[in-house]
């Protein structure tokens, strides 16, 4: 494309093509299509538009909870309300209170699909474009475009958003990721405060953004640490810390305001929180490829341990799992601050710190730990770890481990959602998007002979996945084990996610180590502190050294 | 494309035309090996994978009645003996394609039966389970491989492979195929594949094969008769006669034998059973009106529009003109199959027939004088174009007959390219009303924009020429303005439809009062202007061909 003078047309073309693919996926089935009385997630989202449109804000978390009561944070409610307003202007019957339940007219479907498309374009796609420009600033235009394509056509997100239509992980999850991504972009530009605001938005959109909270919180803390308290200057780190705290609290306060007195009775906020964090539900929903569900094959957790203890245990494990990213970020920041102090340099509060390269790995570690160990996980939640994985993959050269792992985790994540997609009637879209994306990133899962451990492991996983698909097509499951294929699916996917978690910790350590190497050279550091461009230079060096270190080990 | 193939092709084409009788014998034996060497490039695979994925995703999309038509044909050919194929009336969608297509359906019905026997059950009308959708949609994609392979072959021996690659990709990805085949449902990709193989054979100098393939194509779908005059003249002049005008009896006989053999294979069984009259009555139902339900954007659409405007004017000024009352009723509905004019004299089939032949004879005369490949290609396009513009009861889908051969000429010179762009934009846009469901509307619009962009940008960079005289500058601006009108038209059509809908809800007016038909009429008329203009342009270029020598002129 580039050599034919199409350079300027790659970006609009990519955006338009991805929109086209999204529209085409949207032609297919969705969650709960034509299945009264409860329908599925599509209906849930439509119902929220209906109820937020017709009810005062204080009743949102109380209305007919048995029929898809609202159970996401307020920002979801506000956006649903906006969609409801626009939709009922076009056609009032789509969102008539109670009467519109289960409505599946041609028009209402197109409207709902297009709301996903528009919100996606406004928030997620825009964030991706900015990401490809900022995070890959030192790379060629071609790499930037390829990174964007990798992210735009990520199959798991396409399938869940535009196929399954679970607004709670679709528009919301989607937007949630988008908001988080905006936050990351802002961090990279050095606008920490705005980043924090966006992340707070993200949390108020969907509580699942908590998966990222340890990494983001630690990153901001690490930045405070890194700034330190240089002699003879205004006290830097306290100022940033206090500002961050104020901004975050204020954002939360604003978004929850309608649920607080005097606008609503005090019980309103309690109800909202109970709805948002449903600890009253089970350890996991359906079958999900995490630690609890996989080990449940051997150990029947529910019979051995009480729910209260399980909640505590899962929380403890989750925190332990996300510990590495906290420790690595903080220690790197501390070490670099020492190095800088000894080199007698000052740091600019608005410049990006050199350890920014650690952030995607940290996000991956913490979100994977939440996915693997926390309470009440859905299979769709794998989208959260997939964002940092795909961000890492998007910038990685084709022979790096980040590339191999990124592609593997993405493919396996889609495979882990197969039971759900099959139920939705999205088998065709499942195949099509997987083929398209793998072709796009130039990934051939079946390269022979395998060159590294990751390679052999990938091959084994793909072989297992394909075998399960073939078995499922040809054999009917035995009566005693009707879920046998789903369980097999879980058993194949969980080890991949566990290993991906390990890989993320290992990679963070390597990047941290190479950062340490950079920081000990004052002449480089001087460049880094000067302005935006040289710090990007350092990041590129870090990136490359990380890649080199990894390649050295694997080959 | 390697340089080796390139130079070889030049050599093979450089052979004097006198030797072509021998060459036709030599080609199959010498080149048989090359048939199995496809050497497909990475980028070509990318395009193929992308297109296939897109088509897979379109499986659940809207299907027209043509889907049920073809399913019914599967059932007819599978469950009835051949003697009853053209007599069956179980479904209203009776078999009305020539026998080769019926054989093709018979072939397809075997796997269909194995997959799900309900697909080929004659009485299982309007069967719409996932199995039949997936199966029939898959057959479209698979049969389109004929087109893919032909287009790939076009690259191999072309004068400028990299340009030809863009053209080939543009035909393969043509929005017309996507809309008509993969959403609306037909087998045009497969049929145009045969046509392109035939054209390719003509380019490579194998005129016997070209003629035979065209005869085969005619027996698949008789609409390709639109192109037949150009084939007839070309083969007669350049294959059956020497350049000096002497008849080559051997060539003539071999071509005649091949064509007769093809027709025997197709019609023979039915002739033996004495069913030819019944067969032809199915193929040529002369009971339909001048315009199709939605006016195809041709000359008659413009005439009809003029009639409507005149009627309004007469009614408004209360003039004393004899008004045909049936025409008034026809006008007010705006969208009827049988068009009757209110003011202008009515058009009879014989008029359309004369107009078509008259316009075709211009290009045929030129073709007779210069029977080169490029001239042939232009003549095919113009023949199809004439039939489309002046034919009786033309279907809007027939515009593909113009657009596909025209694409092969696109990169010849700027004048051809501009004609191609105008006709393609107007032609593709005129297919939009086929898909009226909102979900597919997004798909058709976005896809067409993408296609136009990615065909226009690389090709225009290659062959752009500045307009030199004031007249051409003015023309250039006018054409650009016309093209810029399409987004506005799209906006108008959608806004108007929405407005009518809201108004009908609020005031309970009927469709007639709100002029519900206006968007369709506007689409048809606006596209017709572009297509007629494209025709005028191409005819002019063809008649002054010497001025516009391009790469294809190298092919003898």
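Glycine is treated like the rest: Cβ placed from N, Cα and C.
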**Request:** Give the range, chosen from A:452-471, A:512-531, A:532-551, that TrEMBL lists as transmembrane segment.
**Result:** A:452-471
**Item:** Stretch carrying transmembrane segment according to TrEMBL (options A:10-34, A:35-59, A:110-134)
**Value:** A:110-134
**Request:** Residue list, the transmembrane segment (A:452-471) vs rest of chain: Cβ under 8 Å, 6 or more residues beyond ends.
**Result:** 401, 404-405, 407-408, 411-412, 415, 418, 445-446, 485, 488-489, 492, 496, 499, 554-555
**Request:** Look over the recorded stretches A:78-98, A:146-165, A:354-375 and say which has the most C-beta pairs under 8 A to the transmembrane segment (A:483-503).
**Result:** A:354-375
**Asked** What stretch in A:110-134, A:240-260, A:309-333, A:354-375 has the biggest tally of Cβ pairs under 8 Å against the transmembrane segment (A:78-98)?
**Response** A:110-134
**Message:** Test of understanding: applying the rule of at least three C-beta pairs under 8 Å (pairs 6 or more apart in sequence), is the transmembrane segment (A:110-134) touching the transmembrane segment (A:309-333)?
**Reply:** no
**Fill in**
For the transmembrane segment (A:146-165), out of A:110-134, A:209-228, A:240-260, A:354-375, most C-beta pairs under 8 A are with A:110-134
**Asked** Any residues 6+ beyond the ends of the transmembrane segment (A:354-375) with a Cβ under 8 Å from its own?
**Response** 184, 187-188, 210-216, 218-219, 222, 226, 279, 283, 290-292, 310-311, 314-315, 317-318, 320-322, 324-325, 328-329, 332-333, 336, 381-382, 384-385, 387-389, 391-392, 494, 497-498, 500-501, 504-505, 507-508, 511-512, 515, 518-519, 528, 535, 538-539, 542-543, 546
